[in-house]
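Participant: So Swiss-Prot says this about it:
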type: BINDING; residues: Asn116, Lys117, Ile118, Asp119, Gly166, Gln167, Ser168, Gly169, Val170, Gly171, Lys172, Ser173, Thr174; note: GTP binding site
type: BINDING; residues: Cys248, Cys253, His255, Cys261; note: Zn(2+) binding site
type: DOMAIN; residues: 67-224; note: domain 'CP-type G'
Amino acid sequence: MQLGIILKGIGGFYYVKQEKTEDIFECKPRGVFRKNSVTPLPGDRVGFSIIDGDKKLGNIDEILPRSSELVRPAVANVDQIAIIVAAKAPNPDYMLLDKLLITAETRNIRVLICVNKIDLDDDTAKIVRNAYSPAGYDVIEISSVRNIGYKRLKEELKGHITVFAGQSGVGKSTILNHIMESWVMETGSVSNKIERGKHTTRHAELLELKYGGYVADTPGFSSFEIIDIPYNQLERYYPEFLPYINTCRFNSCSHITEPGCRVIEALERSEIDNNRYQRYIQLYKALKDIPQYKGKKTESRRVIK
């Protein structure tokens, strides 16, 4: 059995890079995967058998254990997420950014926040840095026009499987073309009407970096929902809350209205970004209204920490 990594899957075929030779084989998964409702994903490390060495055809026989799995984008074994926001065109969707950060936190995946197109608006980069640096997130400013940020980004990508995610039209493909030092992805303009990218990525695909590691460009999106987190566990995925949540007066503190809330006190001292905090309240209330949690007592947060 040969070992390899899935680079992409299209129409039921999966393109596997062989570990030893680095040849790429077009493979079909064995029927047992469908029978067990298992779908191979880009990033999966697999065992496969060669059917035709000349034509580079094979069958996927085994999917090795995954260290992580993202649903949207559907990529396995990711250990880093680069979330791309644009300084302008389109304007940043901070709620989407927060949801992506929460998704990464639930899976213990490292995050880079990249602010692209800073040549269009320097102030946005400052806003993002001031809001997210206190939470411990790295913020990288990028501009193709000024050729800024790419050297540092390449250093951060070395040795990782990194997924690029963000709104449509923020310039993910343009960034990838720069860090790959060749044209690898079609880039598209942004529709003025809906501020979404045109002619952009349609599927997740791993691209190998010559200096080590892989990156995955993924279809851009304008909406993203988190529904699998109990509302009283949401606090766990805000790193800037963690120093305070165990010291609130009430064990079941929601950090919204309760007296003696250390998170609110930190907010009042400007140690927590107010806009990000307001979005926390929106997400908390939205999760609380989900039918599976509404009217029910969920597990005590004192137990889950």
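In case you wondered, yes, glycine gets a Cβ from its N, Cα and C as well.
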Participant: Rank aside, I only need the closest one: which of the binding-site residues Cys248, Cys253, His255, Cys261 has its C-alpha nearest to that of Gly166 (GTP binding site)?
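Facilitator: So, spelling it out, the nearest of the binding-site residues is His255.
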Participant: Can you tell me how far the Cα of Lys172 (GTP binding site) sits from the Cα of His255 (Zn(2+) binding site), in Å?
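Facilitator: Per the Cα atoms, Lys172 (GTP binding site) and His255 (Zn(2+) binding site) stand 35 Å apart.
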Participant: Taking DSSP as the reference, which of helix, strand or coil describes Asn116 (GTP binding site)?
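Facilitator: DSSP assigns Asn116 (GTP binding site) to strand.
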Participant: Between the Cα atoms of Asn116 (GTP binding site) and His255 (Zn(2+) binding site), what distance do you get, rounded to the nearest Å?
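Facilitator: Their Cα atoms are separated by 33 Å.
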Participant: Among the binding-site residues Asn116, Ser168, Thr174, whose Cβ has the fewest other Cβ atoms within 10 Å?
Facilitator: Thr174
Participant: Which one, from the binding-site residues Cys253, Cys261, has the smallest tally of other C-beta atoms lying within 10 Å of its C-beta?
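Facilitator: Output over binding-site residues Cys253, Cys261: least Cβ neighbours within 10 Å is Cys261.
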Participant: What does DSSP call Gly166 (GTP binding site) in the simple three-state scheme?
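Facilitator: Where Gly166 (GTP binding site) sits, the three-state DSSP reduction gives strand.
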Participant: Please report the Cα separation of Val170 (GTP binding site) and Cys253 (Zn(2+) binding site) in Å, rounded to an integer.
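Facilitator: One finds 37 Å between the Cα atoms of these residues.
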Participant: At the Cα level, what's the spacing in Å between Cys261 (Zn(2+) binding site) and Ser168 (GTP binding site), rounded?
Facilitator: 38
Participant: About how far apart, in whole Å, are the alpha carbons (Cα) of Ile118 (GTP binding site) and His255 (Zn(2+) binding site)?
Facilitator: 34
Participant: My understanding is the cutoff is Cβ-Cβ under 8 Å with a sequence separation of 6 or more in the same chain; which residues meet that for Cys248 (Zn(2+) binding site)?
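Facilitator: Listed in sequence order, they are His255, Glu258, Gly260, Cys261, Arg262, Val263.
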Participant: Write down the Cα-Cα distance for Ser168 (GTP binding site) and Cys253 (Zn(2+) binding site), rounded and given in Å.
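Facilitator: Between the Cα atoms of Cys253 (Zn(2+) binding site) and Ser168 (GTP binding site), the distance comes to 37 Å.
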Participant: Note the Cβ centroid of Cys248, Cys253, His255, Cys261, the recorded Zn(2+) site, then list each other residue of that chain whose Cβ lies within 8 Å of it, in sequence.
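Facilitator: In sequence order, the nearby non-listed residues are Tyr244, Ile245, Arg249, Phe250, Ser254, Ile256, Glu258, Gly260, Arg262, Val263, Ile264.
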